[in-house]
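Trainee: This is the structure I have questions about; it appears just below.
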Amino acid sequence: MSWMQNLKNYQHLRDPSEYMSQVYGDPLAYLQENTKFVTEREYYEDFGYGECFNSSESEVQCELITGEFDPKLLPYDKRLAWHFKEFCYKTSAHGIPMIGEAPNVYYRAVWVMLFLGCMIMLYLNAQSVLDKYNRNEKIVDIQLKFDTAPFPAITLCNLNPYKASLATSVDLVKRTLSAFDGAMGKAGGNKEHDGEKEVITEAPTTPAPTTKPSRRRGKRDLSGAFFEPGFARCLCGSQGSSEQEDKDDEKEEEMHETTTRKPFNINDADEEWDGMEEYDNNEHYENYDVEATTGMNMMEECQSERTKFDEPTGFDDRCICAFDRSTHDAWPCFLNGTWETTECDTCNEHAFCTKDNKTAKGHRSPCICAPSKFCVAYNGKTPPIEIWTYLQGGTPTEDPNFLEAMGFQGMTDEVAIVTKAKENMFAMATLSMQDRERLSTTKRELVHKCSFNGKACDIEADFLTHIDPVFGSCFTFNHNRTVNLTSIRAGPMYGLRMLVYVNASDYMPTTEATGVRLTIHDKEDFPFPDTFGYSAPTGYVSSFGLRLRKMSRLPAPYGDCVPDGKTSDYIYSNYEYSVEGCYRSCFQQLVLKECRCGDPRFPVPEGARHCDAADPVARRCLDARMNDLGGLHGSFRCRCQQPCRQSIYSVTYSPAKWPSLSLQIQLGSCNGTAVECNKHYKENGAMVEVFYEQLNFEMLTESEAYGFVNLLADFGGQLGLWCGISFLTCCEFVFLFLETAYMSAEHNYSLYKKKKAEKAKKVASGSF
């Protein structure tokens, strides 16, 4: 039919009251009895319900959509059906109105299939979009910033952690070094003695004319030697004349072998023993007012090579000798009362000390000196060793538990023994920070000269002391976090330049190289010189060129970095989080949990204690935990992520010999001639330069590759492509849900009121 017939039927809607009464009767009748209602579809007979909306007349549209037809008067189920039909005709989503307005079943079926197909495609593409979003992909943006980069903090350490002259006064260190000497002696076997035999075999067979047999004692080798004062039985005066004659013959033979004789000088390390053996007792004796109660000269050197295994019988044969545990040498020896306890200018790694040294600087070391001015480091706190007791029992006189704790048993490789000895030096953790700082190098002793940006540094103010468990006292330049230092230009002249002095003559026997250790880090980060440091040798100018890269990482869910700050178990308080610090914290927590004490190399939380380095049980537990973690970085027990913000310094190292022969100037506090100071600093000093190679730095910034905005754009595109749905269309569905929920609640509330009224009515009728 034409739309005019529809308008004719529409006239029935002009009077709503009459229409509702005519079609539905009483609106509330459905609550009282089952009444068959005439639906809109039946009313319009053969006309499609949607055809009424095809009229282009604005008045008709107004009446149909907004006007006088009230769906609230319909029964609940009919009202819902009417509401859904209204939504189908009015929604802006594609396909749904075509299904609702379909003139027949076939037409509707085609549109249903098309709609379902589009929904399937929408699902597949939407799933792909969501998967891409859930992958949390990120991109790295690299920018080159042409700006002055902040200068890093520089931590400087001496490769020798503690002064041998002072550290050997600590009983535990002394015992550790003694065990180390014993292990080195066993590992080396009789190599030195075999070498002497080879020399004798290759020597000319024609003996020199002599009136008595020659008993040549080989020259003592300083490598590995370590002197300490010890009591021994000796032969003095006429008792030791035969040995003295042998010694004179030995010195006479050496005179034929050596044309030039030099006194001992710490500036000439290769000849230091020559000077020690060439002293002349008569030239160095001083007039001590000592009464010779036994008829002998108490200032005279005594002999103990034949008697050192025997216990002294009295005052006349009780001497103090310079004893070396590794070679069992006891020489020189003088009567007990002739040694003088005093202070020496320098003491080297062999505990041999000298007085009145022109190149010496800093504090003096306690020592004990013989009348010949042969001096040995000695603090006087522990009595000298009894040599006869030591030699009769050998190294086993040491506590077996202590030897086991040191871990030298069964070791035959000298390099491994030295490494183990370095590890054992964490025994110093039993001392307070103040004591460890006192035993180590001071900043004034290590840093002689310093400049930054071409201007002199204030060594006391610009360097902060930091006690490291491996390197002792270290000193950090640019430690003030409130001051931002920058280089005004690139190149070594505008960076940090330091003249350092290591005093190699006072090195520990466990220190293998002379020089300094340099660590470059952010001032907020804890320095780890044993892991990230660079070594700079003496006798060279070491140039470290820097390039800075700043990393900015995304936290979860895009990345796996740790936000600014530190984790709860981080043991390096007042410092920012780092991966190395995390691993060490994890290891320390594991040790504290299973060993009931902490590794002495790392800090412990408040209330915890460090393990005793001499306790074999604690050492076994520490070694077991180390093996469990595969070193310090066992990933299966410790999970440490990168920090979200990090500064990475790339270092380029280049050395050159230093000082040059033309550098004829007084360096540091050297009081000798320019040539002597030049040679002295070549063995004990170094020049260190740290600078930026370019005044720019890289910024590496992570950002999300596919964010929420991208998700909305792609998802909205898929909705529009396959279903023609926009954000407003989604709002239509939301309102549809809210309206149907409201109608359901309203209907249930009406039923509730009806039941309540019926119940009240029954109660009222029952009371009459």
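Glycine residues also receive a Cβ, built from the backbone N, Cα and C atoms like all the rest.
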Trainee: Look up N54, N480 in Swiss-Prot and give me whichever carries the note N-linked glycosylation site.
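Mentor: Looking at Swiss-Prot, the N-linked glycosylation site feature maps to N480.
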Trainee: Of all the glycosylation sites here, N480, N484, N503, N671, which one's CB has the most other CB atoms within 10 A?
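Mentor: When each Cβ's neighbours within 10 Å are tallied, N503 tops the list.
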Trainee: Where the distance is taken from Cα to Cα, which of the glycosylation sites N480, N484, N671 turns out closest to N503 (N-linked glycosylation site)?
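Mentor: Result: the closest of the glycosylation sites to N503 (N-linked glycosylation site) is N671.
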Trainee: Rounded to a whole number, how many Å is the Cα of N480 (N-linked glycosylation site) away from the Cα of N671 (N-linked glycosylation site)?
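Mentor: So the alpha carbons of N480 (N-linked glycosylation site) and N671 (N-linked glycosylation site) sit roughly 35 Å from each other.
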Trainee: Six or more residues out from either end of the topological domain 'Cytoplasmic' (740-768), which same-chain residues have a Cβ under 8 Å from its Cβ atoms?
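Mentor: For the topological domain 'Cytoplasmic' (740-768), the far contacts come to 31, 76, 79-80, 83.
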Trainee: For N336 (N-linked glycosylation site) and N671 (N-linked glycosylation site), determine the Cα separation and express it in whole Å.
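Mentor: Here the two Cα atoms are 36 Å apart.
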Trainee: Take the Cβ of N336 (N-linked glycosylation site) and count every other Cβ within 10 Å, whichever protein chain it belongs to.
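Mentor: That number is 15.
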Trainee: Rounded to the nearest angstrom, how far is the Cα of N484 (N-linked glycosylation site) from the Cα of N671 (N-linked glycosylation site)?
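Mentor: Given the Cα positions, N671 (N-linked glycosylation site) is 38 Å from N484 (N-linked glycosylation site).
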